[in-house]
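Residues annotated as disulfide bond in Swiss-Prot, with similarity to another entry given as evidence: Cys40-Cys64, Cys44-Cys60, Cys47-Cys75. Annotated signal peptide per Swiss-Prot: 1-26, in sequence order.
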Amino acid sequence: MANKLTAVIVVALAVAFMVNLDYANCSPAIASSYDAMEICIENCAQCKKMFGPWFEGSLCAESCIKARGKDIPECESFASISPFLNKL
């Protein structure tokens with residue numbers, strides 16, 4: 001009888017836990033500390049991979065260091081990466 005009661009409690013707790021997973025909305029970057037300069041430089045590297053020789057990755061990284069990560073480039077936003085694009 002005790003085993004059945006324990007099994008029912010475990011199943012009920014598992015169901016309650018799974019139901020509450022949907023309500024847990026948090027961003028890992030906000031839940032833990034993050035370094036804006038690190039994200040900025042990583043985005044520069046990602047844009048360099050995407051655009052290849054048309055993107056000045058070193059210039060982008062230098063601007064991250066000078067601005068201390070305040071202006072993070074987004075590869076899909078032309079306005080944020082236009083200073084780092086070249087015509088070849």
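A Cβ is built for glycine as well, from the same backbone N, Cα and C atoms used for every other residue.
Rounded to a whole number, the distance between the Cα atoms of Cys44 (disulfide bond) and Cys75 (disulfide bond) is 8 Å.
Least packed by the Cβ count within 10 Å, out of the disulfide-bonded residues Cys40, Cys44, Cys47, Cys64, Cys75, is Cys75. You'll find the Cα of Cys40 (disulfide bond) roughly 9 Å from the Cα of Cys60 (disulfide bond).
On its own chain, Cys60 (disulfide bond) has Cys44, Cys47, Lys48, Pro73, Ile81, Phe84 as residues at least 6 apart in sequence with a Cβ closer than 8 Å to its own Cβ.
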